[in-house]
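Worksheet for the structure shown next.
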Amino acid sequence: MADVTARLVRWVLLAAFAAFFLVPLIALADFSTKKPAGGRSGAAWHALISDPTLTAAVRVSVTLAILTALGMLLLLVPTMVWVRLRVPRARRLIELLCLLPLTIPALVLVVGLDNVYAWVDYLFGDSPYGLTFVYVVLVLPFSYRALDAALSAIDVRTLAEAARSLGAGWPTVILRVVLPNIRTGVASAAFVTVALVLGEYTVSSLLHYDTLPVVIVLLGKADAAESTAAALASLLAAAALLVLLSLLDRRRRAPGRTSR
Amino acid sequence: MTSTAAPAARRGWRAPLPSLGLLPFLIYLTIFLVVPTLTVLVGAVHDDDGFSLARIRALGDGPARDALRASVELSTASALLGAFLGAVLAWLIVASPATSALRRVVLAACGVLAQFGGVTLAFAWVATLGFGGLVTTAIADVFGGQPDGVPWLYELPGLVLVYTYFQIPLMVIVFLPALEGLQPQWREAARTLGATGRQYWWHVGIPLLRPAFLGATLLLFANAFAAYATAAALVSQGAPITPLLIRSALTSEIVLGQADFGYALALEMVVVVAVVMAAYSWLLKRTSRWLT
């Protein structure tokens, strides 16, 4: 009897949670397909690929996401491999620095970015792609964890020593020996980066660049259906990326490989 | 690096060269993380004539003080609600095996909603409880009246509700490992000694989980305190909380010198978040003694 009650309570609670989390998302889908005069229409969703304001914003955000992922990998992978191989005593320092952006909110960085961005704009021209530099910092905590897990699962030192004794230079060691062995870690770091950049609003809105979330909020005042469609689409894109990532992760773990 | 230098390094002579490999990373972080943070710090304790505590002092009165109080209230309320409900949800899914569909779906959804919600969540709640929203319309249909939406959605209570929506998933992610760390043997041991289920939780389970729960609550507080996107998208005018006051300070063109007040507000934010996060990592260390 008590067992039945416990199970009932469990399912009632789960249903309540499901309702709390699903209703707002269903409301988004509902709102984005509603016509002002009543009835349904897919016009708002079609606008995602036909409205020039939105497509331009999507292009900016996707390009930024790719640039940030590349920049993050370029900065982080060689540094982290190098720390493990040659400067292990700096490991705590690098970890601390990578996790620091969790304590310094993006909003605070924006406030202090004036001087730095005056130089960035001067050197690279005033374009939204300059955001890449600060985005690399914002994604560091998440990509650091992904790469650190991958590097901990392999014996970097032995691999590097083997390659070095066969005459490989350091670039070869990093690019052709270590990198192929941590490719799932690299992929997850890149995916998390892309998902974060696609949804980034704080920095881009306050520095006045028209990324996708910024345009979604601007559109919200003019065309509510279109902006709800875009908002839902961007959340679904992030979800798809993360699901893809977990599939990738599971495939790696499947055939009897024990990696932590 | 020549091949003769390597054995030398192994014999204890420390070549400075390997450390140089870290320079690009350190320089990059100096420019894009340390310099902005120092700019905030220096800007907060300066005015046009040099060192001055005027901007820090201004934090104590008027809109800045009200915003801070509202921010603390919002963060506390959403952290407590999120921690409690998130712990319940984590407890509900920890009973099912790690490979079960239920657990995978809940965890995947939590991962997305905790970190990638942003402005979408503001829109989702407007579509739910705003003018002509899904729930608003349903209520108007059943009870009569106009689907005008709830007036408090764009005020503090609305922010608490919307923040709780991303706090619960974060709690699940942070708290689940601690719950998983509770060894079934402990429960069996308690039962063998004659403890009831309630006694087990009261004397063993809850005391073990308490540091993890408190730590996670602190993390949620910091998360809410530093959040900006959702609030900014929901509240387009006015500045009821500190992050939105920073927005006003940055974008305001009416009052000259407002932008500089942003430095003090930003410093206030960093200090609050840093203190809370330090307490969090201290509690985390205590937790990992038992539950790893």
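Glycine is treated like the rest: Cβ placed from N, Cα and C.
Just so you know, TrEMBL annotations are computer predictions that nobody has curated.
Residues or ranges marked as transmembrane segment by TrEMBL: B:20-45 (among others).
What TrEMBL records for B:68-282 is domain 'ABC transmembrane type-1'.
What TrEMBL lists as transmembrane segment is B:74-94 (among others).
Cβ atoms under 8 Å from those of the transmembrane segment (B:106-139) belong to residues 89, 93, 145, 147-150, 153, 158, 161-162, 165-166, 168-170, 172-173, 176, 229-234 of the same chain, restricted to positions at least 6 beyond its ends. Annotation comment: TrEMBL describes B:106-139 (among others) as transmembrane segment.
Here TrEMBL flags B:159-179 (among others) as transmembrane segment. Non-local neighbours of the transmembrane segment (B:159-179) in the same chain are 74, 77-79, 81-83, 85-87, 89-91, 93-94, 106-107, 109-115, 117, 121-122, 124-125, 153, 209, 212-213, 216, 219-220, 223-224, 227, 230-231, 234-235, 240-241, 287, 291; each lies 6+ residues outside the stretch with a CB under 8 Å from one of its CB atoms.
Residues or ranges marked as transmembrane segment by TrEMBL: B:200-222 (among others). Within the same chain, residues 75-76, 78-80, 82-83, 86-87, 167, 170-171, 174-175, 178-179, 182, 186-187, 190-191, 272-273, 276-277, 279-280, 283-284, 286-287, 290-291 sit at least 6 positions outside the transmembrane segment (B:200-222) and bring their C-beta atoms closer than 8 Å to a C-beta of that stretch.
Summarising the annotation, TrEMBL assigns transmembrane segment to B:262-283 (among others). If you look at the transmembrane segment (B:262-283), the same-chain residues 6 or more away from its ends with a CB under 8 A from one of its CBs are 37, 39-44, 55-56, 58-59, 64, 68, 211-212, 214-215, 218-219, 221-222, 225-226, 242-243, 245-246, 249-250.
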